[in-house]
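Student: Sharing a structure with you now.
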Amino acid sequence: MDKFEGYVFAALCSTNFLVSCLIFSKVTREQREPYMDEIFHIPQAQKYCQGKFSEWDPMITTPPGLYLASVGVIKPVVWLADLTGNVVCSTAMLRFINLLFNCGNLYLIYLLLCKLHPREKTRTASRRILSALSLSIFPVLYFFNFLYYTDAGSTFFILFAYLMTLYGCHKAAALLGVCSVLFRQTNIIWLAFCAGTLVAAKMDEAWRVEHTKKKEEKSPPSQVPLSFGGVKKVLLFSVEFFTSPGHVKAVLLAAWPYAAVAGGFLAFIVWNDGIVVGDRTSHEACLNFPQIFYFFCFSLFLSFPVSVCYQRVIRFLQALRKQPVLFLLLTVVSLLLVWKFTYIHKYLLADNRHYPFYVWKNLFRRHEVIRFLLIPAYIFAGWNFLDSFRSRSLFWTLAFLSCLLASTIPQKLLEFRYFIVPYLMYRLHMPLPSLPRLVVEFLLYAAVNAATIYVFIAKTFRWPNSADTQRFMW
């Protein structure tokens with residue numbers, strides 16, 4: 001970044017941190033005791049602060065990355081400041097770790113935007129900065145900066161790993177991927193996406209070479225027509241690529257650090273007899289295909305200011321007219337998936353502290369037919385999502401979609417926190433929107449954050465059989 005842009009970005013980071021600290025102070029004063037999942041995370045982190053690394057709460061289902069990172073930050077501060085007593089590894093101090101991750105996420109998002117949109121580097125400083133700010137206050141992620149959850153740190157390390165992948169530092173990316181998996185096991189999927197971008201780049205290169213040899217037009221695979229002939233052409237090329245020793249060798253030479261991490265993760269699964277650590281009864285995998293539909297609608301709502309426009313709606317209507325059979329087939333398949341593969345987690349029906357509870361109660365549970373009537377919305381949301389990647393190659397898009405499906409469909413619980421990383425990846429790879437659209441996006445995110453934080457602080461309630469104060473949250 002040039003000097004002026006550097007000053008602006010530094011001022012923005014400082015302002016963001018100051019505002020976040022003020023909100024953090026208010027949230028912590030109102031909710032001093034651990035809340036929700038914090039009742040498991042905070043005591044576990046405090047045990048680590050005391051050096052009791054062998055003690056483990058069996059209700060915790062994620063690895064100890066958050067606790068290790070917290071101890072790694074807090075212990076040097078305690079030693080330098082000569083702190084003692086209850087302040088060491090207190091609830092407030094542990095929560096503050098996520099504010100540091102929030103600052104890191106803002107910086108990483110900005111660097112990713114610069115790397116992913118290099119041709120726009122010299123003339124879009126304001127759009128890059130505002131995009132980074134908007135994504136750093138992405139509502140679901142930003143809310144959990146003020147509680148002791150794994151989301152901020154998990155996002156930080158997977159974004160860092162992807163940035164290193166883009167810079168060609170694959171060993172560093174693999175190591176950062178290990179750190180991200182220590183925060184949340186499903187991050188192995190997004191580390192696979194980092195490796196998948198390498199494979200996609202090799203396939204794009206091989207595609208161009210093959211078409212040059214045949215003296216054909218060097219059209220990128222993203223422009224292959226969506227037809228039986230186009231699909232057949234891509235499938236034949238993919239089979240040929242992965243059965244070619246030369247291509248396989250080139251892929252392995254580039255992606256071996258990721259393969260090593262994948263091998264270690266498989267060994268962990270065998271040793272642990274599964275992916276989940278601790279309590280597994282509430283985290284059973286299933287083929288919950290409608291989860292991808294929920295994600296598309298979630299993405300449509302939160303990206304509406306920057307992804308939906310008049311021209312895109314016209315293109316959708318034209319696609320409906322040109323390919324009615326394809327959309328009819330998609331509708332039929334969607335009907336079958338919603339009918340046969342909708343799973344409802346017990347938490348979604350019982351825990352009225354989370355917003356998904358009210359989405360399900362006030363929308364899906366009103367009538368059995370509602371979930372089928374929403375299919376046209378699912379199709380438009382999915383089409384809008386994919387249309388944002390028109391400038392990306394087909395092989396990159398396939399790698400991204402494979403990871404998206406793997407990260408959403410096995411989840412039985414509808415939980416918006418699981419959509420944070422895939423949404424950020426989607427938004428980062430969109431073409432940079434215009435400044436007015438970014439302003440609207442920022443205002444939308446700021447309004448949602450203000451509303452959710454206000455509701456969390458001010459709109460408390462109690463359960464009939466409990467004296468504890470309950471709060472609404474994502």
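Each residue, glycine too, has its Cβ placed from N, Cα and C.
Heads up, TrEMBL stuff is auto-annotated, nobody curated it.
Pasting the relevant annotations from TrEMBL:
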{"type": "TRANSMEM", "residues": "6-25", "note": "transmembrane segment"}
{"type": "TRANSMEM", "residues": "93-113", "note": "transmembrane segment"}
{"type": "TRANSMEM", "residues": "125-144", "note": "transmembrane segment"}
{"type": "TRANSMEM", "residues": "156-183", "note": "transmembrane segment"}
{"type": "TRANSMEM", "residues": "250-271", "note": "transmembrane segment"}
{"type": "TRANSMEM", "residues": "291-313", "note": "transmembrane segment"}
{"type": "TRANSMEM", "residues": "325-349", "note": "transmembrane segment"}
{"type": "TRANSMEM", "residues": "369-386", "note": "transmembrane segment"}
{"type": "TRANSMEM", "residues": "393-414", "note": "transmembrane segment"}
{"type": "TRANSMEM", "residues": "434-457", "note": "transmembrane segment"}
Student: Check the transmembrane segment (369-386) against the transmembrane segment (125-144) for contact, please; criterion is three or more CB pairs under 8 Å, pairs 6 or more apart in sequence.
Tutor: no
Student: Is the transmembrane segment (125-144) in contact with the transmembrane segment (156-183), using three or more Cβ pairs under 8 angstroms as the rule and ignoring pairs under 6 apart in sequence?
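Tutor: Checked: the transmembrane segment (156-183) vs the transmembrane segment (125-144), no contact.
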Student: Go through the chain and flag residues at least 6 beyond the ends of the transmembrane segment (393-414) whose CB is under 8 A from any CB in it; none is fine as an answer.
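Tutor: Answer is 186, 189-190, 192-193, 196-197, 199-201, 203-204, 207, 220-222, 224, 234, 282-289, 291-292, 294-295, 343, 345, 347-348, 356, 359-360, 386, 421-422, 425, 429.
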Student: Sort out the residues at least 6 away from either end of the transmembrane segment (6-25), same chain, that have Cβ-Cβ distances under 8 Å to it, and list them.
Tutor: 95-96, 99, 102-103, 106-107, 110, 125, 129, 132-133, 136-137, 145-146, 453
